[in-house]
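Step one of this worksheet: look at the structure below.
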Amino acid sequence: MTDIFSAIQRTAIRIKDAIDTKDIGYSQQENSSGETQLQLDIKCDMIIEEEFSHVTSIHTIASEEKEREVILHKDGRYFIAYDPLDGSSLIDVNLSVGSIFGIYEGAFGAKNMVASCYVVFGPRVEMVFAHNKTKLHLLQGKEFEFVKEIRLNEKGKLNAPGGTQQNWKPYHKKMVDSFFNEGYRLRYSGGMVPDLHQILLKGGGLFSYPSTSDKPDGKLRKLFEVFPFAFIFNRAGGEAIDGAVDLMNLEYAHIHDTSPCFFGSKYEIQRVREVYASNQ
């Protein structure tokens, strides 16, 4: 696991340099979702694959930018699914973006996840790595230094509601509004990594990306985004569900499979359970 952690640190340093200097214009290529890729998406994907290719413990990688997984080392034991640059469309307005890594042992799947990591590229570069605990690291020069363990409070203060509001179900909108009526503050940038990072570092709250009329199975991908953050929130004392079921109990049909998802402190997630149970 140490070799993987070190490789992720190297990718973070190289991606930071790419963000600072790389052309962010559109390429002529499309990713697995049919979206035109930015030059920076392609560059970051190449950086990660290159660094992981040197780690013999990694058997297979799957990138959010590619249709199929890639076998690196047949004798490896770890399978890594990653989003090279989540929120890359925010680069041109200079908002924070991030990389997400789900580390699985033996095969992909939530029940095989053994560690998870994400990197935030903002005014500072920070890395959160979850194995037995959820730990924050800060890039200082060319080295990451441990800062602290992250623990969520029982109840938070932030509300980050995703998805187009006109496509929300009425009871979901009512629930979101109820948190604001309790004094919760809106924190939503359109980037999953910085929004969830803020909830983790500020002690708690709720991030939601529900089933909507245009995306009934949710938008966020299980292997690349949903499972990794569910693992992190669970290790930090929070919870993560699809509206009813613990996200870490979900299966996946293919590597780009999606799910509705809710991440937060115990208080907020219990509210989600109650609201969704009474509206099924």
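Note: Cβ is positioned from N, Cα and C throughout, glycine not excepted.
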One of E64, E65, E67, E105 listed by Swiss-Prot as binding Mg(2+) 1 at the site of D83, L85: E64
D83, D86 bind Mg(2+) 2 per Swiss-Prot; candidate in E225, E239, E251 listed for that same site: E225
Distance, E225 (Mg(2+) 2 binding site) to S88 (substrate binding site) (CA atoms, angstrom): 14
